[in-house]
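Note sheet for the following structure.
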Amino acid sequence: MTVAGSPFHCTVVESTQYFQIGAVAYVDLPSDNHRIEIGDPNNHHVKYVVKNYRAEFSLTQTGTYRVQIIKDGEIVATRTLHVFDTTKIDIINAPEAVCHRPAVVGINMNKVANRDVAHSVRQSPTNPNMWEVVFHPVQAAPHRVTLFYNNVPKYGVLEVPVKGPGNEPWAGGLGLYQTRVGKVTSFHIETLGRSAREFDVVVSGPTGSAVPVRCYQTKTGKLQAEFTSREVGAHKVEVLHQAKHVSGSPFTCQAFDPDNVRIVDIPTSQGNVGEKVMFNVSSKNSGSAELEIQVTNPINQTISVQQTPLDEKLTQVVFLPTMAGLYQVAVTYGGVAWAPSVRPLPPRAVGKGLEYGRVGERTSFTVSSVVQPRVLVEAVEGNIDVHIQSPKPGEYIVSYTPKWVGTYDIVISIGPNDLPGSPFRPNIVDPSAVRLIGGWNQHLDDSGRVKLPAKLAFDVSNAGPGTLECKVSGRKVNPEKSGSRVRFDISGEGLTAGEHDFDIRFANVLLPEAPNTVVCLGDQVVLTGRGLAQAQCGEPAVFTIDGSKASTGNPEVTLHAADTNIPVPVMISLAGEKIWRATYTVTNPGNYLLSVLWAGRPVKGCPLIVEAKGGADASKVLCSGEGLRQGVVGKEIRSWIDTRRAGPGELTAHCTGPRKVAYCELYDHGDATFTLNVKPQEAGRHALTIKYAGQHVPGSPFTLRVAGAPDASKVRVYGPGVEHGVLATFQSRFICDTRGAGAGQLTVRVRGPKGAFRVEMQRESQKDRTILCKFDPTEPGDYRVEVKWAGELVPGSPFHVMIFDTQEELRRYINSL
């Protein structure tokens with residue numbers, strides 16, 4: 001029986017939804033009897049279209065859209081859509097921050113659209129559209145701020161500089177905390193007026209080995225320190241003032257390598273709107289750095305991305321497409337863009353079976369196609385059987401088992417055509433065929449570990465097309481190759497005593513019988529500092545002896561001239577637990593031999609050759625290039641400076657014009673040669689001063705003549721040659737006055753009834769800006785005089801000149817105008 005009042009009608013109110021401006025919203029309609037009414041933030045009606053019982057409309061304004069679903073004149077459901085625009089977020093103030101003190105960044109949200117902000121951001125008490133980001137920096141380095149609005153990131157908003165606190169010297173800069181392997185990084189030391197000689201910088205790699213550091217003083221009085229890491233991992237950066245650590249020292253600088261970042265598990269088929277897209281990013285062997293994923297939709301808007309760590313070195317990335325089209329995915333690691341970026345691919349063939357494989361091990365790849373592909377796998381010795389499965393429509397998994405080593409041909413055909421990229425050529429290898437000459441037993445201790453030092457020689461002739469690679473404690477060991485023989489000389493230098501990871505692979509596959517550990521014995525004394533390699537005459541040279549990881553003992557240091565064997569006194573002082581500071585001063589330039597003994601035995605690498613250099617000589621600096629004489633406003637004026645014969649010193653450049661100072665940029669090539677770029681802000685005579693070690697170089701100050709940028713609108717053209725006339729009495733000369741038009745070249749072309757004419761151009765002197773031009777017409781007709789300055793037409797150009805046979809014809813023509 002029917003209950004009274006049945007059927008009941010219940011209005012359904014959906015939860016609020018959030019969209020970016022420019023997106024397309026969809027509303028499902030249950031039947032043809034349903035319709036919708038849409039009101040935009042200004043209460044205007046919004047048009048929509050219906051396809052397959054689904055209403056579609058565009059969101060073109062920020063604010064609140066209200067949707068009512070109506071049947072038979074009654075509202076049966078409503079929806080509220082909030083539309084926002086992250087491009088309207090404005091940074092109002094971003095002052096310089098100080099370590100351990102709160103920093104406040106003001107953000108204007110007035111034009112973004114209403115939305116609750118996360119609790120880590122506070123609302124301004126005086127302006128509800130203003131929000132403040134408050135954070136407490138603890139490191140003196142630039143802090144990058146990324147804003148999230150409705151979980152949508154806005155990248156590249158601002159970077160807040162942070163300086164150190166207090167009145168004592170401090171060190172700051174990104175190079176104290178993060179660096180890219182193989183790239184120069186830097187940081188600065190705020191000396192607060194102290195002498196540069198009171199400071200020392202020591203950088204140690206992950207294994208304790210010394211990393212060379214270059215220090216120099218800038219024009220602002222700060223010390224700039226630069227170094228280049230060669231391996232992934234934590235580097236110790238010690239900044240010392242009068243042999244004492246400055247605040248925060250020692251610092252830990254994480255070296256990372258974005259080239260090792262890999263994107264895995266990429267979707268092989270085309271996605272659909274409303275279905276999550278996911279893939280994984282592997283940062284194995286890449287070091288510690290921030291992974292950032294940015295996804296933009298087909299209308300170039302950044303969308304929300306979810307990053308979930310699966311383990312320490314693997315991150316899952318998920319995003320939800322809300323409209324059809326191409327989505328761009330950009331990956332950065334440690335602020336460095338990773339290429340190529342991921343993007344959805346058309347139907348294709350992907351998988352490791354197209355790239356490599358192992359003998360006897362089944363491998364596979366996936367083909368995306370609307371029809372089943374035809375696949376042929378060919379080796380030199382014969383064809384390989386393939387097996388094709390289709391787990392879902394449009395996707396085919398092709399598998400095969402290699403029988404022989406070598407490079408195969410895989411031909412994939414869809415219909416009458418081969419798939420783009422076919423034939424694919426995977427390399428098939430057999431790591432078990434890699435043979436260690438003499439076997440492993442001769443290199444192992446009782447625990448099955450490789451004893452260092454060790455010399456390992458391998459025969460890879462039967463293993464196929466691949467590369468044999470060896471790593472000890474994560475560091476690559478360079479091989480010596482001779483035909484099919486590969487040899488590794490593992491000395492153990494730079495390794496601490498004890499066990500270390502041993503990794504040896506062929507074609508990136510571990511050798512099946514190889515051990516995974518090496519053992520290193522003996523003392524590990526680490527020498528660091530500039531005084532190990534170079535010294536300046538008359539100035540103290542310093543280096544550090546670190547015996548903290550060595551057995552009981554004390555250091556002994558001797559230094560003598562390489563040619564005369566005259567000794568140089570070396571002072572040793574205790575700087576820490578089993579750490580000594582050695583200081584010496586040489587008086588004559590040349591090479592010296594430095595020997596360091598520990599417990600009476602020479603430290604590995606000793607004796608070292610120390611190069612002592614004399615004072616700087618500015619007269620031996622060579623300057624060359626057109627940029628020392630002339631240039632044009634708006635263009636770089638370039639010259640070259642060679643200081644290789646001048647000794648060590650600081651190179652400075654300064655350029656002043658009639659009223660303004662020109663910007664000077666010195667680029668150091670790293671070999672004591674420099675490129676000087678001058679960017680003047682005005683025309684006129686400039687004085688370019690180049691000094692080395694405080695002294696003028698030969699020719700300094702240089703007189704630099706800077707011309708103004710070309711301005712064709714300032715050129716005036718006048719004279720009878722650009723006016724109508726009679727052939728018999730026609731005077732073809734005219735004047736081009738280029739005064740005030742800046743630097744440029746004048747070009748004049750004249751075309752008459754029978755083609756082009758030769759134009760004569762002359763001026764009284766090379767400096768004269770007034771040019772007399774002349775051409776010789778030979779018959780009446782329509783002439784076209786085109787005048788250009790620096791490639792641009794001057795005012796009035798092209799000039800149309802009519803030449804007649806008689807004065808009467810000229811008169812009638814002029815009257816007709």
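Just so you know, glycine gets a Cβ as well, placed from its N, Cα and C.
According to TrEMBL, the features are:
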- 152-255: repeat 'Filamin' (REPEAT)
- 253-335: repeat 'Filamin' (REPEAT)
- 339-428: repeat 'Filamin' (REPEAT)
- 426-520: repeat 'Filamin' (REPEAT)
- 517-612: repeat 'Filamin' (REPEAT)
- 613-706: repeat 'Filamin' (REPEAT)
- 707-803: repeat 'Filamin' (REPEAT)
Between the stretches 152-255, 339-428, 707-803, which one has more Cβ pairs under 8 Å with the repeat 'Filamin' (517-612) than any other?
-> 152-255
DSSP helix/strand/coil residue counts for the repeat 'Filamin' (707-803) | 9 helix, 44 strand, 44 coil
For the repeat 'Filamin' (613-706), DSSP counts of helix, strand and coil?
-> 6 helix, 50 strand, 38 coil
Per DSSP, what is the residue count of the repeat 'Filamin' (339-428) in each of helix, strand and coil?
-> 3 helix, 50 strand, 37 coil
Residues of the repeat 'Filamin' (152-255) by DSSP state, where helix covers H, G and I = 6 helix, 59 strand, 39 coil
